[in-house]
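Engineer: Quick one: the structure is below, questions incoming.
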Amino acid sequence: MRRFHAPSVLLGFLTVGISLVTSEDQGCQHGSDASTALWSAAKSGDFQKVQGLLQCCADPSYYSKTGSRALHEAAFNGHIPTIKLLLKYGADPNSKKTDGWAPIHLAIRKEINAVAVVKELLHGGAEVNLVTSGPSFTVYDIARNVQMSPAVMDFLRANGGLALHEIAAKSSRDARPYSGSRLHLAARYGDTTAVRDLLKCPEMAKQVSAVDSAGAMPIHEAAFRGFADIVEALLESGADPNARKADGWAAIHLAVRPQIHPVPVLLALIEHGADIDLKTKEGLTAEQMAKQYPGVCESTKTFLSLEGLVVLVVSLVVAAG
């Protein structure tokens, strides 16, 4: 097992400091009181209040007495900044109200802001063909039933929206939603501040090694998307740099992708003990993958070679004096 540990100057170069301010220092509400307040603030679109409550560990998965969560209310009322903020802090874009409707279904009930709200939900991981419980409808069915404008219908089609009978005809797997923790969702979304705030919450910090419905941990989501600061934050909170997904790929393999610059992610992983010789089930190391896959930049290939790593460390040591 070949592991590489860069000098402390390397870690200092990459590390972004985590605030040590606790929720008690901020005068936060706690428990159900905070979550109830979050729901109310999301319904009214009070962005500042929602932000403060989320930073104090308020739980967006809390169900109100009426059977909805904060994201349901924000989506129904078209509060786009609030929707974006809730998604950053791990609100599940596919969670359903007790009546079986998800945020994407509620968003399409009103013409005003419908496209913008649905677009934000899709960006946050909403399933475009999620089906309501009870009477079964997709968002496309609902839009057609309430006679949305052609512009809305065209937008849904352009993003893969189908009627229920079309899904049934092709046995689409799109109707099966993704399931992961709030930390998974925040890591997917790519907001470093939100991830760091979540990691300050004791219950969320325990989820650093949780596995989602695709067999992945939060660090896999972040590494795959090239979010180096989030990878660093997760590693600092105890994420295993060599943990594998269900398919046998570790973060170091997922980071090696065309069209992104993975060196900062690879650097963070290696500094925290990632094994650069770790192999996939197919028997490939990250270095071999980089050489075989078209579109991977030359700097990535060089970095993954032992020679490249040595040169990098020596140059940093020299630069540090």
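In case you wondered, yes, glycine gets a Cβ from its N, Cα and C as well.
Curation plays no part in TrEMBL annotations; they are all automatic predictions.
Sharing the features that TrEMBL gives for it:
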SIGNAL    1-23  signal peptide
REPEAT    66-98  repeat 'ANK'
REPEAT    99-133  repeat 'ANK'
REPEAT    214-246  repeat 'ANK'
REPEAT    247-281  repeat 'ANK'
Engineer: Over the repeat 'ANK' (99-133), what is the model's mean pLDDT?
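Structural biologist: Computed over the repeat 'ANK' (99-133), the mean pLDDT is 92 on the 0 to 100 scale.
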Engineer: What are the helix, strand and coil residue counts for the repeat 'ANK' (66-98) according to DSSP?
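Structural biologist: Residue counts for the repeat 'ANK' (66-98) by secondary structure: 16 helix, 0 strand, 17 coil.
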Engineer: Restricting to the same chain and to residues at least six past its boundaries, which positions have a Cβ under 8 Å from a Cβ of the repeat 'ANK' (214-246)?
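Structural biologist: For the repeat 'ANK' (214-246), the far contacts come to 14-16, 18, 178, 180-181, 183-184, 186-188, 190, 192, 195-196, 199, 205, 207-208, 252, 254-255, 257, 260-262, 264-265, 267-269, 272-275, 278.
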Engineer: Please work out the helix, strand and coil residue numbers for the repeat 'ANK' (214-246) from the DSSP assignment.
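Structural biologist: Grouping H, G, I as helix and E, B as strand yields 17 helix, 1 strand, 15 coil.
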Engineer: Taking helix as H, G and I and strand as E and B in DSSP, count the residues of the repeat 'ANK' (247-281) in helix, strand and coil.
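Structural biologist: Across the repeat 'ANK' (247-281), DSSP assigns the residues as follows: 13 helix, 2 strand, 20 coil.
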Engineer: Within the repeat 'ANK' (99-133), how many residues are helix, strand or coil going by DSSP?
Structural biologist: 15 helix, 0 strand, 20 coil
